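> Here TrEMBL flags Thr203 as active site, nucleophile. What TrEMBL records for Arg231, Val232, Gly233, Asp234, Thr254, Gly255, Asp256, Gly257 is substrate binding site. Residues annotated as signal peptide in TrEMBL: 1-21.
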Amino acid sequence: LSVVVAPLLLVALQLAGAASAAGLPVVINTWAFRKAAETAWRVLQLGGSELDAVERGCGQCEIDQCDGSVGYGGSPDESGETTLDAMIMDGNSMEVGAVADLRRVKNAIGVARKVIEYTKHTLLVGESASLFAVRMGFPYEDLTTQNSLSVYSKWLNQSCQPNYWKNVVPDSSKSCGPYKRPEKVTCKEEETISQRSVHNHDTIGMVVIGASGTVASGTSTNGAIHKIPGRVGDSPIAGAGSYADSTAGGAAATGDGDIMMRFLPSYQAVEYMRMGTDPTVACQKVISRIQKYAPRFFGAIICANTTGSYGAACNKIPGFTQFHFMVSSPLLGQPTEQVVDCI
């Protein structure tokens, strides 16, 4: 009997192995950014590395100005300037390259990649990050466009609403600054800025898992619209904006970075997957963890493990009840838009 069972068992194991291997490589990215997904997938098909795929995929969104929330010409800050944040992570070496508050350079994730390749650092910021970019051969370019200028002037005309100040004088909910702190502090209940809708996306986050299970991840964004200059959100922070670990999987977050970054959601999701949690459940657990502290936050997360299983989750608020994301894998034939209901 055992002589017969052993070969059958072997066949069953081989089939199981074939099924999970067929799920790789996989590219998953936030929002219905189809061209970004197609670009990353094409890079892999042409023999590029997982890091190449992440860089080119997110870079595609920088060129396309995805939803006005990635790349140049969108999300002007309080002074009307567009600045960029990006990161890229290698799940084999655990190296990260990131830039924040990058000015006058369009290809933020490209600069982030150079931080890995040519420095021993992880994160460069502001004017100095721009100087580094120029040394690396990136051109200085104006990130302001007619569109970002008109968004900015419209905001000024509506008394700088909404903005990110609180407990200041003059009253930030009624007028423009310059603000200062009052003599006596009276803490008002914080008003959350959830005047965002599904059409106010804010980041491309991407996870790429190669045929051999190697993981890379990355993000690119121009940050929160009308942010206070110098503000850095979750996107360029390893473990917050995205996280990659080739022994477990990868994750990337999108949404209200000021809230989400406090919970290191991408790191947490990868750790859940390391413990064997299904990617969808890992994503859901991360969202419900943040919900306890900020029930009305705007946010979503994508997760994929090293077998090619993937999932996503989002927090349900008015105007945001479903989250759209892209998946590319051999099983799908072409980059495919997927939708999850928020929890």
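Glycine residues also receive a Cβ, built from the backbone N, Cα and C atoms like all the rest.
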> Quick one, of the binding-site residues Asp234, Asp256, which Cβ has the fewest other Cβ within 10 Å?
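Candidates: the binding-site residues Asp234, Asp256. Fewest Cβ atoms within 10 Å: Asp256.
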> Compile a sequence-ordered list of residues in the same chain as Gly255 (substrate binding site), six or more apart from it, whose Cβ lies below 8 A from its Cβ; state 'none' when nothing qualifies.
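Same-chain residues close to Gly255 (substrate binding site) (Cβ under 8 Å, separated by 6 or more) are Asp202, Thr203, Phe297, Phe298, Gly299, Ala300, Cys314, Asn315.
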> Near Arg231 (substrate binding site), which residues of its chain come within a Cβ-Cβ distance under 8 Å, counting only those 6 or more away in sequence?
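Within the chain, Arg231 (substrate binding site) has Cβ neighbours under 8 Å at Asp77, Asp101, Tyr164, Gly223, Ala224, Asp258.
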> Determine the minimum-neighbour residue: among Thr203, Gly257, listed as recorded positions, which Cβ has the fewest other Cβ atoms within 10 angstroms?
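Among the recorded positions Thr203, Gly257, the sparsest Cβ neighbourhood within 10 Å belongs to Gly257.
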> Long-range neighbours only, meaning 6 or more apart in sequence with Cβ under 8 Å: which ones does Gly233 (substrate binding site) have?
Asp85, Thr221, Gly223, Ala224, Lys227, Gly241, Gly257, Asp258, Met261
